Amino acid sequence: MSQDGKVKTTESTPPAPTKARKWLPVLDPSGDYYYWWLNTMVFPIMYNLIIVVCRACFPDLQHSYLVAWFVLDYTSDLLYLLDIGVRFHTGFLEQGILVVDKGMIASRYVRTWSFLLDLASLVPTDAAYVQLGPHIPTLRLNRFLRVPRLFEAFDRTETRTAYPNAFRIAKLMLYIFVVIHWNSCLYFALSRYLGFGRDAWVYPDPAQPGFERLRRQYLYSFYFSTLILTTVGDTPLPDREEEYLFMVGDFLLAVMGFATIMGSMSSVIYNMNTADAAFYPDHALVKKYMKLQHVNKRLERRVIDWYQHLQINKKMTNEVAILQHLPERLRAEVAVSVHLSTLSRVQIFQNCEASLLEELVLKLQPQTYSPGEYVCRKGDIGREMYIIREGQLAVVADDGVTQYAVLGAGLYFGEISIINIKGNMSGNRRTANIKSLGYSDLFCLSKEDLREVLSEYPQAQAVMEEKGREILLKMNKLDVNAEAAEIALQEATESRLKGLDQQLDDLQTKFARLLAELESSALKIAYRIERLEWQTREWPMPEDMGEADDEAEPGEGTSKDGEGKAGQAGPSGIE
């Protein structure tokens, strides 16, 4: 159907279906409602995976709670049916846009294998109860076909949870439990088929005291299966062919399961180490370097303490590398939500454009300083400014002991040194010693990054320079005369640059004109040489050459006037 046809159909729809659509909205496959529905479907699927097999292999369990099983069976069937309805109301992405047209959703769903599996899982095989009796739960094995829905729920949870590694381990343990559970059920069913107590391998005769209880039957079977699959204990030797086949199958399953478990655990551990390496610096390399270079123990202890502080307090120093795979705009939004409030406290950045602050936020570099470490010293060249995120810094004298002031969270320093303010008496050098009292977390903004951003915002640059001038005036650090001299020098330099630009433009124009004249002269000479060659060899000259030559040199043709002009110009030239 065309787009126009869709519009007409929507407009002609009566109010009743519109109201129905409100009650049955289209779900976003990445939304919360769809996620929680997937988690709801975990329960009926796990019920069928665990209980149905157990009921089929342990007759006492099936007979003792028949009514409860019927209630749970048809409750799970109802959820299966509702799940198909949810699938008919779950949108999908097409060219990045969520499709909410229910006709398109239904058409797409019924053409997938998922729809066929969902239908097969709801085939009413229970109708055979009428002929075979209600104690054959194996008729419900087709409910296992809904297992892909379980895997989808696990994948979504692993993506959303804050502890993905713990969830992976829990999921692996669940798989191990299901495998051992199924194996124990098959072991008990095989023992019943071969005869209880016929040899040491099968389940003991229920006539013995204690072995007739259902709980003992299941726990014994589960224990026996655990011994076989984990190969950690002695088990009775098989005696019959069926027992040998069962043991061989279990041993093969144990080998494959052991490889799977080891691979999964290795993957989890590797992911944990990779995450730590991405968030925190690798201290092992630094420790090895210090050992090879014979760094003194005191300095080595400080370095180790710094790494330990980062690890214990979850401090990150490489946010750029962590967020590098995000799209630029999304990375900017994350950085803005984390750091914009801190940057807004800086006086020279107040009332600046929001887009400017967003770009500056991406340039902030987190740094952590140890107790007693100098952030900057008096006289150092200032190439960056600092914003205190957490901790305390002291303005100290040259002796490093006398404190003039203490700077806390939210304060900043060094902002004047990264802005080129004319007349700044201190230039771009530090005017104080700043030392960290404890562990301090700072944000660093370099002069190069600020200059790069301000190149796109000249108006904001002028506003910042004006604010910097006001700050310097209050501090009596602004030389007005020097500022005027620098401004005059800058204006003179700009005037000279404009003059040079104008001269350069004139030279380029003259060069282009001369180049055009040179090309024209070369073309005329080429035509003349070719014409002389034809005349020298007394060949009949082509008409097009004569016409082209006449057009190129109207004063030097074959006419008498042309010959006279040529002779006047220099008769010996042709000779």
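Here the Cβ of each residue, glycine as well, is placed from N, Cα and C on the backbone.
The nucleoside 3',5'-cyclic phosphate binding site annotation in Swiss-Prot covers 348-471. Swiss-Prot lists Gly414, Ser417, Arg430, Thr431 with the feature 3',5'-cyclic GMP binding site. Annotation comment: Swiss-Prot describes Arg430, Thr431 as 3',5'-cyclic AMP binding site. Positions annotated as region 'Ion conduction pathway' by Swiss-Prot: 164-272. Look at Swiss-Prot and you will find 231-234 tagged as region 'Selectivity filter', backed by similarity to another entry. Taken from Swiss-Prot, the feature region 'C-linker' covers 274-350, and the record attributes it to similarity to another entry. Summarising the annotation, Swiss-Prot assigns region 'Cyclic nucleotide-binding domain' to 354-474 and lists similarity to another entry as the type of evidence. The region 'Disordered' annotation in Swiss-Prot covers 537-575. Feature annotation from Swiss-Prot assigns site 'Central gate' to Phe258; the stated evidence is similarity to another entry. Residues or ranges marked as topological domain 'Extracellular' by Swiss-Prot on the basis of a curator's inference: 61-70, 136-140, 191-213. Residues annotated as transmembrane segment in Swiss-Prot, with similarity to another entry given as evidence: 39-60, 71-91, 117-135, 141-159, 167-190, 214-248, 249-273.
Long-range contacts of the topological domain 'Extracellular' (61-70) within its own chain (CB-CB distance under 8 A, at least 6 residues past either end) are made by residues 51, 54-55, 134-135, 137, 214, 218. Across the structure, Tyr412 (nucleoside 3',5'-cyclic phosphate binding site) and Arg430 (3',5'-cyclic GMP binding site) place their CA atoms 14 angstrom apart.
Contact counts against the transmembrane segment (39-60), taken as Cβ pairs under 8 Å, peak for 141-159 among the stretches 71-91, 141-159, 249-273. Mapped onto three states, the DSSP output places Ser417 (3',5'-cyclic GMP binding site) in helix. Largest CA to CA distance in the 3',5'-cyclic GMP binding set (Gly414, Ser417, Arg430, Thr431): 10 Å, whole number.
Working note on the binding-site residues Leu364, Cys444, Ala460: by count of other C-beta atoms within 10 Å of each C-beta, Leu364 ranks first. Within 10 Å of Thr431 (3',5'-cyclic GMP binding site), judged by CA to CA distance, lie the following recorded positions from the set Phe258, Leu364, Asp380, Val396, Cys444: Asp380. Along the region 'Ion conduction pathway' (164-272), the predicted structure has mean pLDDT 88. Per DSSP, the topological domain 'Extracellular' (61-70) is made up of 9 helix, 0 strand, 1 coil.
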